[in-house]
């Protein structure tokens, strides 16, 4: 009984922090003509409620796609329609066609914030609590600590409740999917993940690990018996899920194509704004977008992404396991973020979710990554006037992780899950015993660099000739971190400790 009291307290604390952050400013507040993401979400409610479904994704006099045109899958549109239906009963002016553009009021802000909180309560938070309760070989105290730290992760809170988006919906569905396939509820897990993709197409970052894990399960059961049956069931579940979500848009070929064009706008370019991936960071030295043709950029991006995630996906297909699945989710999402085409700074949240899932396994490295992921969005958070909420939530998260998991005591080779890798290296270099020390020093340097860059960005004016200097530095430093983490997580995957134990038994 005490366990549930403590878990409830963790949830209430997470909700309190969320609501407190929501009292601050939001994206584009009082900044016409485009305002920001807050206005985008409101505008989608206006469009979906007032226009026929066939016009939602098409440019017209009533739906100017240049003004926050709908560019997410159908499930997001249905969610917007549902919110608009409720808004109509409270105040029809909030979603009036044309005249509601840029609508701002305290009552409307309260309504919009409440919609995010309700979505969190219905989808994301229950998934987090259930996931933490189902953790194996973990004490009750650690389960509650995991739930608390995941719910206090500042990146998601600041973007959904500060900047204003509904990332917790797609991430929540994805987490339900992880739960399902990890505990052999494969059909329910597949359905949940299909809902995630149909809410936000960026969930494709997680699609290959799901595919490889489930395919590996089918191979393991045998493709001439139970494995074939499972494969057919999974195929039917995925097809049925997509057909139901897309049914109104399958009536005409042009409808389907227009939705796809809106979901994958390749004409926008290799990256947007200041994003901490390879292409944005490398453009400091070489303007790839100006030098290479558009189709070459797409091909290079695809090749780098595919090659960087291939080893982990092959390993997961051949040796499917829940642990391997979790770490492959991290590795693949990070590969997509670093190398794929048309990446936004907020896409780092898609990497942060699976990192949260391994928090109890590698608390030191997970905490470090989650701090860097929030730091990488600093230019966006400052633009939205969210400096103080950022500082407070980051400190709260760090203190929760440091005290709950004693992260500074979890830096040995075993606790960093680098024992097998280090043992392999020591066969050739016997003096290779300093890896934990190096990682500790890198963490210290990392924290100092993030604090200094934050202070410089806030207090100093950049040179007139380099107005984006600090934003670019934040992206570049964050990108170096993410490349380091990509190597680290792939080492864990390829030198899985289970394989090491199996090898010892064989020997």
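Backbone N, Cα and C define each Cβ position, glycine as well.
No curator has checked TrEMBL annotations; they are predicted automatically.
Annotated features in TrEMBL:
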| type | residues | note |
| --- | --- | --- |
| SIGNAL | 1-22 | signal peptide |
| TRANSMEM | 110-132 | transmembrane segment |
| TRANSMEM | 144-161 | transmembrane segment |
| TRANSMEM | 173-197 | transmembrane segment |
| TRANSMEM | 227-249 | transmembrane segment |
| TRANSMEM | 298-318 | transmembrane segment |
| TRANSMEM | 348-371 | transmembrane segment |
| TRANSMEM | 386-408 | transmembrane segment |
| TRANSMEM | 429-457 | transmembrane segment |
| TRANSMEM | 469-495 | transmembrane segment |
Would you call the transmembrane segment (386-408) and the transmembrane segment (429-457) in contact, using three or more Cβ pairs under 8 Å, pairs 6 or more apart in sequence?
no
Are the transmembrane segment (348-371) and the transmembrane segment (298-318) close enough to be called in contact, which here means at least 3 C-beta pairs under 8 A that are separated by 6 or more residues?
no
Applying the under-8 angstroms CB criterion, which one of 110-132, 144-161, 298-318, 429-457 scores highest with the transmembrane segment (173-197)?
110-132
Can you tell me which recorded stretch out of 110-132, 144-161, 227-249, 469-495 has the most Cβ pairs within less than 8 Å of the transmembrane segment (298-318)?
469-495
Recorded stretches the transmembrane segment (429-457) and the transmembrane segment (144-161) touching, at least 3 CB pairs under 8 Å:
no
Sequence-distant contacts of the transmembrane segment (144-161), meaning Cβ under 8 Å and at least 6 residues beyond its ends, amount to 3, 6-7, 10-11, 13-14, 17-19, 21-22, 113, 116-117, 120, 125, 128-129, 132, 135, 138, 167-168, 171, 346, 348-349, 352, 356, 359-360, 367, 370, 373-374, 377, 381, 386, 389-390, 393-394, 396-397, 400-401, 404-405
Under 8 Å Cβ-Cβ from the transmembrane segment (469-495), and at least six residues away from its ends along the same chain, one finds 274-278, 280-281, 284, 308, 311-312, 315-316, 324, 327-328, 330-331, 334-335, 337-338, 351, 362, 365, 369, 372, 375-376, 378-379, 417-418, 420-421, 424, 442, 446, 449-450, 453, 456-457, 460, 462-463
